[in-house]
Each structure stands twice: as structure tokens, then as C-alpha cells.
Amino acid sequence: MASIKIDCVVKDSCKIGECPFWEVKESSLVYVDVTGQKVCKWNTVTNKVKTVCVDAPIGSVVPRRSGGYALALGTRFAFLDWDKECVTDIAHVDKDKGNNRFNDGKVDPAGRFFAGTMGMEIRPAELELKQGSLYTLQADHSVVKHFDQVDISNGLDWSPDHKVFYYIDSLSFTVDAFDYDLQSGKLSNRRAVYKLEAEEAIPDGQCIDEEGKLWVACYNGGRVLRIDPETGKRIQTVKLPVDKTTSCCFGGRDYFELYVTSASDAMDEEWLKRQPQAGGIFKITGLGVKGFAPHSFAG
Ligand SMILES: O=C(O)[C@H](O)[C@@H](O)[C@H](O)[C@H](O)CO
Ligand SMILES: [Zn+2]
């Protein structure tokens, strides 16, 4: 097996880099800076980062079949025309919760956009609890609410056979699974499949590989974990040179590279001096396993 290599490939520092996905047609990585209020695209060929500023904290960006992107922005689902840098609002959630914002999101294999909300943080992981919900934006632009009582809605993905939905509510310190009905988009039978150890800190973003194992980024844990959801065991730990690893996705040639986002928010000068790459994007090669192309929102 090739040895694992970790490179900081984007040095421009995000406050909270999040929600990366690979865009094959431009060999680019698209991601957000949540509190920096930016959608970013790093072109791996030109090595340039292009950003579009938005008007609220942005939880997630996903590709859209008809072109451009769908966003979970503030408490709105919206569309982004990348070339015109134009955002169009589509639907509003959590109208009764003025202090909420969207967080992580991803598109299911049928083209539904899943994204969850949370209360606004005073500091990382310090917020009013149980304010969040998990939502789906359907292809017809209607919104479905799956459940509420969420602390920090975070990483999500689907099993390779599409029968299981994996989900992280960060402050439960577990990775959960639901039975998934792809036909209806309904979730049932919630259970925990992995409980984080103390040094793994806070579970944040996640993605699945072709073997059905989960890669979980650990906020304040400076690592990504590979979890076997069938056995509930951790198979592998890959440590990174920054503590605030936030999310990950597969990309690059044949989806063999794992890209990891990170945050620099709430780090003092001394901490930033020790970890000057905080907020950067990292590429991990040599894992010997590949992931999937992202799905695009159908509407
Ligand atoms: O990266 C995210 O998903 C959130 O936007 C962050 O706010 C972190 O999850 C949180 O700070 C960890 O506690
Ligand atoms: Zn996250």
C-alpha cells in the first residue's frame, strides 16, 4: 500500500472551511467559508481560488443539475448563478427562530438537497441547544422537515446501496444511522453506529467511501477517522497538522484523494502560530480507497 501523504493545498485561510465537493468538469474543489460568508472554488489546474461573497453565514453548497449551485444560506435555501454571482432565494426555514442558521448539507442519490440548521454559536460548540432541524429541499422546491431538537446539524451521507443515511448531530458525539427509503426520501429507525472517544473531540463533516466505510472529520481533534458502521469500530485515524478539521470529501483522479477542510475561528495568536495552516484545505493521498462523485440537486 502506498504511504499516506498530507499536503496543505489551499493556504488562503477560511474562518470555517466546510462542505467540500469535487467538481469534475473543472477539476475543482468547491466549498464554503461559513462565517467568512463565502462560496469558494479552488481550481486544481490553475491553482487559483475564486470566491463569491454572500449575505449571511453559509452552511452548505451543492451542485445543481441545471447548472450553478444550490445553497443553504442563513435560514434560506437559495440558488447561486456562479458566473453572474447572483443569489436567488427559494425557501425559508426556521422562521420562528431568528437566531438560527443552516449548517452542513448534501444531495441524496435521487437529487434531494438535505441540510440541517443550528442556533448561532457564541463560541465553537457554545450555543442554545436543541434549536436545529433537518430539512430536505425537494426537486419541486418544496421543503420537508425530517426532525427537530438538533444541537449542531452536521455531516451526512448515504451508504453505497442507498439504504442507510448517516448523520451527525455534533454534540451527541456519535455518528448515527437511519434506514433510508430512496423512493420517498423518508428516514426511520435512528441508531448510533459510533461513539467518539474523548481525544477525538467533536464529530463534524463526514463522507462515505466505496467500501461503505465513513470518513469523519473531528473538530478540535485534528484528524479524520475511518469508521466501519457495521461493526461500530474505528479502522483508521489520519492526523492532520491543524486541530480544527471540519469536513472531508473524495475527489481528484477517480476520486482517490481525500480533501479535508479546516477552520481558524476562535484560535488565539499563539495557537495560530503553532498551526499556521489552520483554515487551509488539505489533500490526503495514498489511502488506497476511493469515494463517490457528488450528486446534484434535481430542481
Ligand atoms: O463546521 C461546522 O459544521 C460548524 O459550522 C461549526 O460551527 C462547528 O461544527 C462547530 O463549531 C463545532 O463545534
Ligand atoms: Zn460541519
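Any Cβ shown, glycine's included, is placed from N, Cα and C.
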Out of Asp55, Asp108, Asp204, TrEMBL lists as part of the divalent metal cation site with Glu18, Asn154 the residue Asp204
Going by TrEMBL, Arg101, Asn103 bind substrate; tell me which of Glu121, Glu126 is listed for that site too. Glu121
If I take the Cα of Asp204 (active site, proton donor/acceptor) as reference, which of the binding-site residues Arg101, Asn103, Glu121, Asn154 has the closest Cα? Asn154
I need the least crowded one of these recorded positions (Glu18, Glu121, Asp204), counting other C-beta atoms within 10 angstroms of each C-beta. Glu121
Cα-to-Cα gap, Asn154 (divalent metal cation binding site) vs Glu121 (substrate binding site), nearest whole Å: 14
